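Working notes, beginning with the structure itself.
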Amino acid sequence: MKARLLRLWRDWAAPVVFALLFTQFGASSVGVDGASMMPALRHGERLLLPTAEGWAHRLGLGEYHRGDIVVFKPPREAQYEWRGDYRGMPLPWRYRPYLVKRVVGVPGDTVSIRAGQVSVNGQLLPEARTHRYWNAFCPDTGSSLANSVAASPSQTDLPSVRVPPNHYFVMGDNRSPGGSLDSRAFGPVSGQDISARVVASVWPLVRKVMATPPCDGGPQPEQRVKFSGQEEWNPRLLLP
């Protein structure tokens, strides 16, 4: 009996425990679902996360910076972000999905948005690549998300928001109509809800150079992106 238990541990339990410990305290990988981070990230990319760093930040060791791409869960009170399905299949419960966005405001920053342009502490945020991509396709300059921010899901839109301690203001790079639901709608995200920072894209190996999103604000924009141009090597670092 003892030999059988030892064999069961060696062949099945130990590898599973090791894998769980490694993904929780070492490194992990997540997939991009949607078009909210275009042009930086495309639907289906696999991202590498140093989960050990995320644990350290949640324990108060270190912090995230402007430009970091992070994986997090939206605030609990953001009920419209809770889902009752997975890849189109209904579930008997609702859950908060993990989202991928970019940090634009850190604790103590004051963030405001006018006609889609983000200002931090009164200075226009330098986002050359995002603005160039945004202006070339379908800029959103008139919606509430393009002209105001929210302190929390339960509060009305405000001209500006001061980021509280241990919170981060996050946004998607896709600023087209309906392109990203982020801190503009549900307010700053607690550092305790951030899983980790994204350090690299590791899949696919190649991708088309150009990707043109739809501009209609309709559902599932990631399924209607048009790709063109030559192929390029995709795996790359994603550090600011």
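Cβ coordinates are placed from backbone N, Cα and C, and glycine is handled just like the others.
TrEMBL entries are annotated by machine, without manual review.
The annotation domain 'Peptidase S26' is assigned in TrEMBL to 14-203. According to TrEMBL, the active site annotation covers S36, K101. Positions annotated as region 'Disordered' by TrEMBL: 213-240.
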Outside the region 'Disordered' (213-240), six or more residues from its ends: residues with CB under 8 Å to it: 33-35, 38, 40-43, 45, 47, 65-69, 137-138, 174, 176-179, 198-207
Helix, strand and coil counts within the region 'Disordered' (213-240) (DSSP): 4 helix, 10 strand, 14 coil
Within the predicted model, mean pLDDT of the domain 'Peptidase S26' (14-203): 83
Cβ-Cβ neighbours of S36 (active site) (radius 10 Å): 25
Secondary structure of S36 (active site) (DSSP, helix/strand/coil): coil
Cα-Cα distance linking K101 (active site) and S36 (active site), given in Å to the nearest integer: 8
